[in-house]
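Reading through the structure tokens given below for one structure.
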Amino acid sequence: MTEAKTGTGNERLVVEIVGAHNLMPKDGEDSSSPFVEVQFENQRLRTKVKPKDLNPIWNEKLVFHVIDVNDLRHKALEINVYNEKRSSNSRNFLGKVRVLGSSVGREGESVVQLYTLEKRSLFSSVRGEISVKHYMTTTAENGENVRRVNRSGGSKKSKKVQNVSSSMAIQQQQQQQQQQISLHNHNRGNQQQSQQNGQGQRMLPFYPHQSEIKPLVITALPSPMPGPGPRPIVYSNGSSEFSLKETKPCLGGTSNGLGGLSSHKDKTSSTYDLVEQMQYLYVNIVKAKDLSVLGEVVSEVKLGNYRGVTKKVSSNSSNPEWNQVFVFSKERIQSSVVELFVKEGNKDEYTGRVLFDLSEIPTRVPPDSPLAPQWYKIENRNGGRGNGELMVSVWFGTQADEAFAEAWHSKAGNVHIEELSSIKSKVYLSPKLWYLRISVIEAQDVAIMDKGSSLMRFPELSAKLQVGSQILRTAIASAIPTKSFSNPYWNEDLMFVVAEPFEDCVTVVVEDRLNGGAIGGQNDVAVGRVQIPISAVERRTGDTLVGSRWFSLDNGNNNNRFGSRIHLRLSLDGGYHVLDEATMYNSDVRPTAKELWKPQVGLLEIGILSATGLMPMKVRDGKCGGIADSYCVAKYGPKWVRTRTVVDSLCPKWNEQYTWEVYDPCTVVTVGVFDNARVNENNNSRDVRIGKVRIRLSTLETGRVYTHSYPLIVLHPSGVKKTGELHLAVRLSCGNAVNMLHMYALPLLPKMHYTQPLGVHMLERLRYQTLNAVAARLSRAEPPLGREVVEYMLDHDFHVWSMRRSKANFFRLVNVISGLVAVAKLVEVMRSWSKPVYSTVFVLAFLFMVLFPELLLPCLLLYTAAVGVWRFRRRSRYPPHMDARISHAETVFPDELDEEFDTFPTSRGFDVVRMRYDRVRSIAGRVQTVVGDMASQGERVQALLSWRDPRATFLFLMFCLLAAVGFYTVPVKLTVAISGLYYLRPPRFRRKLPSRGLSFFRRLPSRADSLL
């Protein structure tokens, strides 16, 4: 430990430099010799040098004296990482971190925090992260590990810090090895000894492999003393209740059983490095043999107050098999033994049992092979040897264990055994969807229905097509002179959405409408039909037309006099992307045909950590206050994930990590939180939405771990409500930077959307059919993903009229135009000459651009680039989130909310509907006026040459002729300069009346006087 002595205060600031990861090589040999230099006020301390190490571990404490603790929040720590160049006695910059003094906590409350190294200047080459712990203390640090450095001896200080004795290095290595050995030798004696020594927190070293690109995360062991541990530090992005907050959770790799990180990092731990470690006790009951039981046999696991029971097995065999896994949270274990009972049927008395001491249970760390079950002798009620044996395996593990997903959890002990499947975590896949294009061209020799009438009747023939529940109709065939009435001609394209596997058929029915009426009414009579299996339809990936075919029509009356047939062209279009989400929230834009997919450009990893402050959703007997049975659903591309349901908790912890392949960075991932209504309730109940979060991947930096608390905001008829906060850890990894940058130059949608575009109304109808297909498929899964969940995740109602959304979009447009308005105001300020110096500089710049017009575009582009570089340092470090202020959810009126939640068609009373109709009329009237004014200005431009006003057109033509002569004789530069100077002339040379040109334009006629 290094200490800087400045002053006589007792308060000390301790900065513990733990380690760094993935540093930039600077020595020319793909390595670096890093050290850390920390500066606080006028005190500067540094760690020892780690030669040839891009992932150094220091575990050194630097102590700074604080004169005024109250002034600490106005100061900052400067942490710089350098590479030591021994040959030239100089150093290279590797990165820096600036820590505000307001974020420094007290001793015992701080945790190790991971900081991303920042650049010192624009051209600095920096990468990597550094793990630092900082806190205030009043305890004097004494011992042989403390090195005191005087501020006055600058050169001596450097020599003392750099020249670390070899005995000290060997001693630190021995201490690190002892810590690693103590991690693997987990027993109670070590815990009791740590309690006697009064250790609050111990830092464990972590040695990652240099080839891995995962961020270094070092966590602190929880205090062995009773009581809750330190909470993660939270940094708010604003004072609003609906703001985004940055968190610092203890993320890590494989746990060693003591709550820390092991010194190695394996494949499984790297796949769970975005979640917090959760320790569990696993009990796997496989089977039994040689039991002397007459009735049905069950096995029971008892751990303190927790009790889990297996399914009943028939007594036909003396060797029953269960193959069930029970999981108990280690943080809630209140017993020293776990008991396994074998019972007969529903009897309370057991026939035998097996006991395990928790201190002797091993710890399994993936990717170790599963623990092999063993046979254990069953004890009778008297403690003697009973009849039979029980095959079980018991071990400690984490949520990374393979048995975790399908196991019975102790927190779900109150859930009925038949409902356990509805609370498990699952991964779903959306069905592979295709657009089915059917071109109804024509029909021949259709049997026309005359209904016994002697009068000549013109048939009204149309075609009805049905695929599953989707029904579309063509228009009534129009009369063509070259074709008879029995040969109708339509030539219409109809689109359907179908899902693999193709089990449905296309039913084509030719109908004749009798006695008038609407199409599809009771007067339509089928005159022929044909069924075509979808599996026989030809697939296409481009815009090349497939061949058309003739199909025979069955008229149903065995009348062979007419050989009716219909001409169709059917194709499964794989070149389109079947839209199931709103265009602005697309999570996948790939076409259906796999051969058209672009290569993968990255990997998206999301750690769903926990939720806090959830709103109670139900009241359950025996529970004080409301509770919630919450789970999360994340959707990106065709992959849906569902976390397990945490029962009876308003602050659930999931700590589940999922991965998606990224094919386009300009996509959005959606994470929703729901209350499981199927837990101890009616299975037909609908899950209640709690809130959701959208994250656009293009706003994320590659390789950076984003740990934030996202507000869950739901709009109710009574107003906007915050229903809780969702804690996520998100990382976007880039496999090939060139491919990712190349994606920005490609069209957003596949080629077919531009060569053969679909109409807006058709896309909306197809999107609704796609939603039905996805919801129907996911609702048949186990556990089912309800339709209400699918609709909420896919934003099925984003197109519904809302006064609130209209205001939000209007002010978004105003915000976009505000830049142009600001430029116009700036020019007006220059014209007003209220600031003569600025106006003079502006005029000189204008004349410079007139004299050298070839510099105009380069200067403009250079200025744009400079603005972008200047804004880089002030860029937002937080990903965008749902903003209640931008959505105008905080200032919306109650009646506008009630209108937004109204059904379609409306279900409100007459007076309410009339009031809303009058309000819409008032708004539409103002819009109508603005549109009319814009049309009038355009019509005045057209009137310049229309001779509607002969005198105005004559004057305009004379002006054009004179202007042509003037522009031909006078140089362009001189013309532009004179025009600009005339426009920028001081106010004393201007008059307040409108210009003659503007007055002339306003006198031109428009078509407004022709309106009724």
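The backbone N, Cα and C atoms fix where each Cβ goes, glycine too.
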Among GLU296, GLU300, GLU402, find me the residue Swiss-Prot lists at the same Ca(2+) 1 site as GLU344, ASN346.
GLU296
Within the domain 'C2 2' (262-376), residues counted as helix, strand or coil by DSSP:
10 helix, 52 strand, 53 coil
What is the interatomic distance between the Cα atoms of GLU296 (Ca(2+) 1 binding site) and GLU349 (Ca(2+) 2 binding site), given in whole Å?
14
Chain residues outside the transmembrane segment (841-861) and at least six past its termini with a C-beta under 8 angstroms from it:
830, 973, 976-977, 980-981, 984
Which of the listed binding-site residues (GLU296, GLU344, GLU349) has the least company, meaning the fewest other Cβ atoms within 10 Å of its Cβ?
GLU349
Please give me the CB contact count at 10 A for ASN346 (Ca(2+) 1 binding site), counting all chains in the structure.
9
In the same chain, outside GLU296, GLU344, ASN346, whose C-beta lies within 8 angstroms of the Cβ mean position for the Ca(2+) 1 site?
VAL293, GLY295, VAL297, VAL298, LYS312, LYS343, GLY345, LYS347
